[in-house]
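> The topological domain 'Cytoplasmic' annotation in Swiss-Prot covers 1-125, 169-172, 217-235. Taken from Swiss-Prot, the feature transmembrane segment applies to 126-146, 148-168, 173-193, 196-216, 236-256.
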Amino acid sequence: MSNFDNFNTDFYQTSYSIDDQSQGYNYNAGGAQHSKQYAYDPYSQQGGFIPPEMMNQQQPYTGQIYQPTQTYTPAATDSVYGSTFDDEPPLLEELGINFDHIWQKTLTVLHPLKVADGNIMNETDLAGPMVFCLAFGATLLLAGKIQFGYVYGISAIGCLGMYCLLNLMSMTGVSFGCVSSVLGYCLLPMIILSSFAVIFSLQGILGIVLAALIIGWCSFSASKIFISALAMDGQQVLVAYPCALLYGVFALISVF
């Protein structure tokens with residue numbers, strides 16, 4: 001028994017009294033203290049207490065329903081887009097279409113004796129050539145000849161051949177777009193020949209003479225522009241010969 005008494009004395013702390021067990025225990029108070037001790041308080045994490053009256057307080061809306069308040073200032077267009085629309089170039093300029101240059105190139109082809117501007121002719125402009133190719137095919141269609149495939153195919157092969165030939169002959173070199181542009185603009189006299197084919201038949205002496213004049217007109221204009229743009233002085237005849245072969249094929253399509 002003495003050992004058992006010593007065990008009880010060692011088990012309990014010296015400040016603990018068995019008589020305290022007889023006192024009543026308030027579960028509600030203890031539970032409230034326990035929940036208060038371990039409850040999560042979101043406002044304590046922010047470092048301060050916010051009174052309830054400040055949480056319920058709202059700023060009154062002083063503006064009207066369909067009108068913003070005076071303090072609202074919309075963002076400027078410059079800050080959103082970086083620059084105004086007035087500073088942007090026109091759409092035709094971004095696409096590389098210049099009607100002034102197109103008109104000057106057309107006049108250069110229509111006037112074979114006019115001096116060509118090498119700076120303008122060296123540009124890659126395919127808007128005018130596409131229009132002239134469509135016009136040439138349309139006039140052939142009016143004459144009862146559906147030859148759009150031949151027109152585009154011969155044009156592509158001719159441009160490729162002239163591109164290779166001019167790069168071999170010139171010192172500066174030339175781009176494929178420049179060759180296509182010049183040959184396309186010089187197709188304009190051939191549209192006149194196909195327009196005559198709509199009115200009367202070209203299978204005769206008059207048609208052959210007219211076709212020869214148109215071929216010489218086209219080849220002379222194309223060679224003049226190539227000589228001016230590529231600085232190939234004294235080589236116009238050498239350039240005009242392959243051009244005459246190309247436009248001769250178009251003349252055969254128009255006549256026959």
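Yeah, the Cβs are placed from backbone N, Cα and C, and that goes for glycine too.
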> Quick one: average pLDDT across the topological domain 'Cytoplasmic' (169-172), no decimals.
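When the pLDDT values over the topological domain 'Cytoplasmic' (169-172) are averaged, the result is 86.
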> Tally Cβ pairs under 8 Å between the transmembrane segment (236-256) and each listed stretch (126-146, 148-168, 173-193), then give the stretch with the top tally.
148-168
> Would you mind listing the long-range same-chain contacts of the transmembrane segment (148-168), meaning Cβ under 8 Å and 6+ residues beyond its ends?
133, 136-137, 140-141, 174, 176, 179-180, 183-184, 226, 230, 239, 242-243, 246, 249-250, 253
> By Cβ distance under 8 Å, which residues at least 6 away from the ends of the topological domain 'Cytoplasmic' (217-235) in the same chain are close to it?
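Same-chain contacts beyond the flanks: 108-109, 112, 115-118, 121-122, 166, 169-172, 174, 178, 182-183, 185-187, 189-190, 241, 243-244, 247.
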> Under an 8 Å Cβ to Cβ limit, what residues of the same chain, 6 or more beyond the ends of the transmembrane segment (126-146), are close to it?
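Residues 96-97, 102, 105-106, 152, 155, 177, 180-181, 183-185, 187-188, 190-191, 194-195, 197-198, 250, 253-254 contact the transmembrane segment (126-146) from elsewhere in the chain.
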> When DSSP states are grouped into helix, strand and coil, how many residues of the topological domain 'Cytoplasmic' (217-235) land in each?
14 helix, 0 strand, 5 coil
> Take the topological domain 'Cytoplasmic' (169-172) and find every residue of the same chain, 6 or more past its ends, with a Cβ under 8 Å from one of its Cβ atoms.
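Counting only partners 6 or more residues beyond its ends, the topological domain 'Cytoplasmic' (169-172) has Cβ contacts under 8 Å with 230-232, 235, 238-239.
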> Could you break down the residues of the topological domain 'Cytoplasmic' (169-172) into DSSP helix, strand and coil, giving a count for each?
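Breakdown, helix to coil: 1 helix, 0 strand, 3 coil.
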